[in-house]
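Feature annotations, reproduced from TrEMBL:
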- C:6-27: transmembrane segment (TRANSMEM)
- C:10-82: domain 'Glycine transporter' (DOMAIN)
- C:34-55: transmembrane segment (TRANSMEM)
- C:67-84: transmembrane segment (TRANSMEM)
- C:91-113: transmembrane segment (TRANSMEM)
- C:93-167: domain 'Glycine transporter' (DOMAIN)
- C:119-139: transmembrane segment (TRANSMEM)
- C:151-169: transmembrane segment (TRANSMEM)
Amino acid sequence: MDALTATLTWLDYAAVAVFGATGALAAARRKHDIVTFGFFAAVTGVGGGTLRDLLIGAPVFWVQKPAYILACLAAAMAVWVFGSGKGRMRVLLWLDALGLAAYCVVGAAKAASLGAPPFSAVVMGTLTACFGGVIRDVLAHEPSILLKREVYVTAALVGAGVFVILQMFEVAGFPAGLAGFAAALAIRSGAILKGWALPGFPGRGTPED
Amino acid sequence: MDALTATLTWLDYAAVAVFGATGALAAARRKHDIVTFGFFAAVTGVGGGTLRDLLIGAPVFWVQKPAYILACLAAAMAVWVFGSGKGRMRVLLWLDALGLAAYCVVGAAKAASLGAPPFSAVVMGTLTACFGGVIRDVLAHEPSILLKREVYVTAALVGAGVFVILQMFEVAGFPAGLAGFAAALAIRSGAILKGWALPGFPGRGTPED
Amino acid sequence: MDALTATLTWLDYAAVAVFGATGALAAARRKHDIVTFGFFAAVTGVGGGTLRDLLIGAPVFWVQKPAYILACLAAAMAVWVFGSGKGRMRVLLWLDALGLAAYCVVGAAKAASLGAPPFSAVVMGTLTACFGGVIRDVLAHEPSILLKREVYVTAALVGAGVFVILQMFEVAGFPAGLAGFAAALAIRSGAILKGWALPGFPGRGTPED
């Protein structure tokens, strides 16, 4: 359980920082100033976890631990200094994938540890992993990453599902979390590299029917 | 009070499922895959009630009762199977009207049962009834249904108002809820069928003045 | 402490009303009806403070005090009656500036009074001051005021920072709050009048690199 806690804490900081970096990268696209960089980094970085904590009725994790916000600001600063090279969107995609993989496990684990039923824990992991990016895109007034055709929600769903199911079979927290993280990352990587997509809705999809 | 509870539970599931279906229909417009269907259905279905519970400080209703999420997923599946015919937008409009009518009563009743003053209960019913659709539209990156000229918020306001006022006059929960539901549905139906609209702002409305 | 409480209450009502007015002005741009005016006014007016209360785990301030909603509705009514003249966008900008200046202090003070560390109190003041406008813009489906190049977040950050730092040096609540309010308003005024802006991100900012 101690290893699980340590892993969760580590994953939590990592996910917050990489999501924060994606927020700063979104700010970079519009050439915002350093304060707006920090704002986008903070909101994106802690947004998913904040939603998770509100939903499960836990104290919001960063309010008493400002280090999370500092991690976001450090990520924003790093983007400011190093973020002007080529391939920035590609970096954003991969950081977002890492954040997604970390958060689906962290979200599910925290929900389960507070007594949510397994199915709810999976839902919570999925929702909160996806909401970091959603909040960023809504704030930046861009089409949400949810609206891309590539597999995205599915990766979070599988990651959270693997973790929760392994936990139900009494697998310890650390390997279960690692397996969930790896599963989500593998699926999202396939989506980024190979354009993996599930079959879309087979019916008519035009707006005005 | 028992009848009220039963009615509320029934209305709650019904509203969650029909709002969920509207989320899936929004996903269908862009030909998303089945997982994204489920995600949109879940977020739209439970979004309004989640906001209500957060605002009144109640435990979020679906976390301990995954059946609500399953209802959303069933609605998503139904849309996937049956949703490709003509007239889908019309179906979405009507399902949204049903969800709106149910949620304005459910939201007001739950707020009142937790001690909110009558005026706050009306506001809560109105806000939460409208937010299901708002969250769906923001996620789908479409203009919010709030921005249409037809009567929408008004229907929820009247439905919640009828319910709360009847309750103040000691009408039992079931008939009061039914009256509120019917009032909201009637007004929204008029808006859909006849284009009912209140007079718009009479002043200048251009963006740049 | 009593003066602080009174100041906070006064600032809170004032911020809610002016933010509410900006919501109604956004509704006026699209010539919405009076109910939608009220809805936008209420959501915008209480949105920032609602987020603050959810984040710090306090009861949402307006649920037990409907007078806040009534203040928003009064603001909406005032906009309906007086809002059709020229220069409306300018009025919206200035009201938004007043709301921003008030909320950065109110948010930081309420967070600090509930035991948030100073750094978190500054973050909370900044976030909640900015979120009133963000929610309005998202609902109205307009580009967020965050995306403008002028100084906006910075003003809230400085205002909250001045207040929290003065409090750490044992300055009483009233002068500290006034100083924070004045600092935020001065900076935001400079942005509106003189186009003050921090240097933008120096790297490449095109979307597709």
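Positions of Cβ are set from backbone N, Cα and C atoms, glycine also.
Annotations in TrEMBL come from automatic prediction, not curation.
Counting residues per DSSP class in helix, strand and coil order gives 61 helix, 0 strand, 14 coil for the domain 'Glycine transporter' (C:93-167). Summarising model confidence by region, the domain 'Glycine transporter' (C:10-82) averages a pLDDT of 88.
Between the transmembrane segment (C:67-84) and the transmembrane segment (C:6-27) there are 3 or more Cβ pairs closer than 8 Å, counting only residues 6 or more apart in sequence, so the two stretches are in contact. Sequence-distant neighbours of the transmembrane segment (C:151-169) (same chain, 6+ residues past either end, Cβ-Cβ under 8 Å): 97, 100-101, 103-105, 107-109, 112, 118, 121-126, 129-130, 145, 175-177, 179-181, 183-185, 187-188, 190-191, 196-198. Comparing C:6-27, C:34-55, C:91-113 for CB pairs under 8 angstroms to the transmembrane segment (C:119-139), the maximum falls on C:91-113. The list of residues near the transmembrane segment (C:6-27) in space but at least 6 beyond its ends in sequence, with Cβ under 8 angstroms from a Cβ of it, reads 36-49, 61-62, 67-68, 71-76, 78-80, 83, 88-89, 91-92, 95-96, 98-99, 102-103, 105-106, 109-110, 132-133, 136-137, 139-140, 142, 173-174, 177-178, 181. Long-range Cβ contacts of the transmembrane segment (C:34-55) within its own chain (Cβ-Cβ under 8 Å, at least 6 residues beyond either end) map to 12, 15-17, 19-24, 26-28, 61-62, 68-69, 71-73, 75-77, 79-80, 99, 103, 106-107, 110-111, 124, 127-133, 135-136, 139-140.
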